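Accompanying notes for the structure given below.
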Amino acid sequence: MVRYDPASAEPKWQKAWDEAECFKAHDEGGKPKYYVLEMFPYPSGKIHIGHVRNYAMGDVIARFKKAQGFDVLHPMGWDAFGLPAENAARDNGGHPREWTYGNIEVMKSQLKRMGLAIDWSREFATCDPEYYVHQQKLFLEFLKKGFVERRESLVNWDPVEMTVLANEQVVDGKGWRSGAPVEKKSMSTWFFKITERADDLLEALDDGRLEGWPAHVKEMQRNWIGKSEGLKMAFPLSGSDLPQDDLPIYTTRPDTLYGASFLGVAPDHPLAKHYASTDPKVAAFVTECAAQGTSEADIEKAEKKGVRLPVTGRHPFTNEELPVYACNFILMQYGTGAIFACPAHDQRDLDFARKYGLPVKPVIQPLGGHGTDLKATAEPSCETDDGRTEAHTGPGTMIHSEFLNGKSTDEALPAAIEKIAEMGWGEGTTNYRLRDWGLSRQRYWGCPMPIILCGDCGTVPVPDDQLPVGLPEIDPSEFKTPGNPLDRDCAKAWREVSCPKCGKDAKRDTDTMDTFVDSSWYFARFASQPEDEPVDKAQADAWLPVQQYIGGIEHAILHLLYARYFTRMMQECGYTEQSEPFTNLFTQGMVTHATYKDEAGNWLFPEEVEVRGKDAFTVDGGKPVKIGAIEKMSKSKKNVVNPMSMTDNYGADAVRFFMLSDSPPERDVEWTEAGAEGAARFANRVHEAIAKGEGLLRSTGAPGADLSDELMALRRKTHKTIDGVTGDIEHFRFNKAIARLYEFLGALKGLKTDGDAAPVAAEALRVLTQLTAPFMPHLAEECWAMLGGEGLCADAAWPKADESLLEDDVVTLPVQVNGKRRGEIKVSPDASQDEVQKIALEQDDIARSLEGKTIRKVIVVPGRIVNVVAG
RNA sequence: GCGGGCGUGGCGGAAUGGUAGACGCAGCGGACUUAAAAUCCGCAGGCCUUGGCCGUGAGGGUUCGAGUCCCUCCGCCCGUACCA
């Protein structure tokens, strides 16, 4: 018998699919539409095993939905702008464009080798001018509608490299390459006013529009938007050289106002900056904070520190003068950048108060237990039972708070707001953690802003007939110089233009757009790509929203929130009826691999290592190798495998199959060679089983009604497998679908293919082939052809389970005594509870276990279990 | 720090509150072979002498019954706004 040979079969069937235009989406036609999309890849050089997992999942869905009769759109493209292309140009010479398109070519051929059911006719890269011209048009439309504006913002500035740094490029407050302390610099940049949509973005998480999203992703977005109800109020200031009369603060805990012991402002708050200009101590502190990382984690994890400012603020209720500090844990971007601190009921405030000897005034008596004898005191309080001291941030009863005394915290909150509003000091307000989306990037390899900056007219849109604003040709050597080449002489001719409004000398905006903009509407462009506008509404809405979106959890917040926001803006501009882009979302886990180190502690690639049992050795030399932790694949630890060499070894089907077989798709999966071998073995076993039924689909009809028990059992197994695998695919339980395929293949052992058995075998083998097809599409075609199936397996209709064959005529029920399994009984599935109870109590093992005991209760769960309670 | 996730045999993992360990990997035994590879068949959570006992990160709780629900704790991973 001929063994299955993926190396010859896979290219053969890929060609057959191509020629039949099997996976082309049809805009016209009466079939229901289904849009399945995986997050498009960044063209980094070659495909990663993580891509294989992602696209294998989408491919299962695409093929499954096609078989179920849908007109499927399953496109592919490239998220092609971004910093790595410039880094590559700097390090290796060449132009970012060449590097990017070269990578795309390689990765496309690699994806094709995977045999994915993709409609390649809709492919584009975001760096194609034909794509970004429409992005520039959208930007200008959004500008006209007031969704975008230009304003000042702070960035990480590397004074040596003369460039803006990403947060990840700031290490310990220093630039990653130069090592120079990073400065915070103010620049005029563009913002999408996403905060204006915060409420709708939040509401849609709960009003049913995103029912098909994982709850945890919605929770993450909810927290990210961070809506809070609170109080905005101003504390009147006194002191020398006052730049402002009062200090507006924001708090979500106005109930703790009587516990206030100081006021705090962010280090980059105008008040702090004002005193920094005259007081060296304040200046030193502000500079120190500016050097601290800008990321939220850095700020929150840093030791709580501050510096006293020469002002005090008057407490509106007590008239007490509270000291004002600049504190490193206050964020200028959140609220008003200023707070009142209540150390007794906020941990950060308490840490700070301890350090600087500030009073701690408890005003909430915790519910129940400890803390009942609290007094207003300058000492740290709220001791817990084990002697630690921590702030009580939970609910309780108000004390030492005049008009609030005796109220619960829930009652005190609105009461305090009302009183402050009455007195005219402030008002209740809603605040969001979400900030506007700054989209300007001081980089070359991105979509240019279609804006001209004129000294007289300000920001002027580039006229429509001059779009796209392309990237100027730049000599590759320019990328060796740090900073944005668009700002330098090499781009002078491109940059210096006359103002379209007044005709005077002006210059282009040299910033390019955040690459998140590129990925915020690509899914719409896949659905419809007219030449003269971003999308055609009718055509786009025929496909949108994406029914199934699949990608990494790392995009749970930013990309998905931005895409949701963009869809709303496009809706308002009349490009779609939709407000939400993705109906169902699935977030898949990462691919991990063991790490290896040689005796000297150097990382080794998996192909340099031979694993024998629990030990490992180098391939050349046989020196001992230390096996380390199983971790996310990363170049630095060399624990990466090349999907293409794996495909050479085992076949694309086996690689795809293994990626889906071992772990639930939302969880991380560990790549192992043994697993890929197992998948290849499965392919061979299927091929072998099918070979027994060669031509059977041509030579035999449907199974008859009068069959032996054995053949009936096989038919039941066949139909139960259809039912199970169908449900598993629908619910993204690919690992379980595959387990069922293994089980089914096992049940086909010793299959007879003659006489009465022929039609039953034909049915079983056809079902095996078709259920395997979404996972191993090439093998399935080979099997389909062997069985004598008509046309391509990829075009065949999905098998339907016969309901009458899904139930057995006898069920086995476990019987427990006091919750422990003591025996089992066989009963008819429709036996009454009384009958089941009777049979259970008479069963030998059960009767023995019950000897000398009194039966108190018998619980019968139909079709499940019997539990006898006895004592 | 905050937010999210995960924790079950040697390993990946199954299990609408109802037989814990389906299925796979590695392992062991057997068949085939001069031999090996490949393939096929079988065994397999742990502990005690055939029937039990113990077992789902730790500790409590709810229940006739808990891997699953509740509370407390431990460990690991991800996100944290200019990486994509």
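Note: Cβ is positioned from N, Cα and C throughout, glycine not excepted.
Automatic, uncurated: that is what TrEMBL annotation is.
When the ranges A:41-51, A:239-249, A:525-535 are checked against TrEMBL, the one recorded as motif ''HIGH' region' is A:41-51.
A:Lys635 (ATP binding site): 9 other CB atoms within 10 A of its CB, across all protein chains.
Relative to the domain 'Methionyl/Leucyl tRNA synthetase' (A:36-170), the listed stretch A:434-594 leads the set A:222-419, A:434-594, A:631-671, A:714-833 in CB pairs under 8 A. Across the motif ''KMSKS' region' (A:632-636), the DSSP tally of helix, strand and coil residues reads 2 helix, 1 strand, 2 coil.
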